[in-house]
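Written below as structure tokens is the structure these notes are about.
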Amino acid sequence: RGISSDQRPKRPLTAYLRFVMDNRLAFREKNPGASNLELIKKLAGAWKELPVSQKQVYEEAKKTDWKRYGEQMAAYKAQLTPAQAAALKEEKRKQQAKRRSRRAKRELNLLGKPKRARTAFNIFLSENYQESEGVSPVAKMKKLFDMWQKLSASQKQPYFQLAQDDKVRYENEMKSWEAKMIQLGREDLVRSKKQRLKKKPAETAKKAETAKASSGGNKAKLKKSEE
């Protein structure tokens with residue numbers, strides 16, 4: 001029988017979350033016009049002012065649930081085959097990686113990291129997405145991609161120029177942002193010199209091919225001269 005992480009026992013709520021679950025409805029009735037954020041702030045304030053004796057009730061309930069959770073986890077793991085245990089471990093690793101990625105992205109947004117430069121196709125999409133007809137986002141994207149493919153080189157050129165301008169914008173903003181990060185002691189967020197100077201493989205290969213051809217031509221001329 002297949003085992004999925006959905007069958008894994010759920011971790012118990014913290015004492016604070018128990019308090020929120022118990023009191024959210026009552027707070028909503030008392031503050032019908034409050035937004036979800038305002039409601040959470042009110043609940044957090046109420047929890048902070050809650051007497052220790054009342055908080056202890058939630059703490060004891062949490063301890064009871066954690067004991068039950070430990071027993072359920074032991075029974076859950078006992079039924080797994082080695083292959084299932086390995087599969088669930090890998091699934092957990094991927095989920096943790098996704099959470100770390102989301103946290104890192106949120107942190108960079110809070111630190112004001114500049115948005116990456118857009119490609120010519122991205123700019124074309126942003127200009128035509130709303131006007132394009134399509135029954136679904138996927139169909140709309142397919143239609144726009146087909147439209148882009150049919151554009152001539154001269155029609156695409158303005159978008160490539162805008163993309164180049166945006167690349168210059170991005171590099172200038174990144175230099176200022178990275179200097180700020182160094183001042184804040186966050187050198188770990190600064191690109192390495194190798195990353196900053198990295199060139200497109202196609203461009204590098206083309207230059208190497210041109211240099212090789214030029215070198216070959218010079219050698220032929222030199223050999224002919226010697227003869």
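Quick reminder: no glycine exception, Cβ is built from N, Cα and C everywhere.
Marked as DNA-binding region by TrEMBL: 9-77 (among others). In the predicted model, the DNA-binding region (9-77) shows an average pLDDT of 93.
According to TrEMBL, the feature domain 'HMG box' maps to 9-77 (among others).
Taken from TrEMBL, the feature DNA-binding region covers 114-178 (among others). Broken down by DSSP into helix, strand and coil, the DNA-binding region (114-178) contains 49 helix, 0 strand, 16 coil.
Here TrEMBL flags 114-178 (among others) as domain 'HMG box'.
Residues 111-120, 122-123 of the same chain sit 6 or more residues outside the coiled coil (160-187) yet have a Cβ under 8 Å from a Cβ within it. Under the heading coiled coil, TrEMBL lists 160-187.
Under the heading region 'Disordered', TrEMBL lists 192-227.
According to TrEMBL, the compositional bias 'Basic and acidic residues' annotation covers 200-210.
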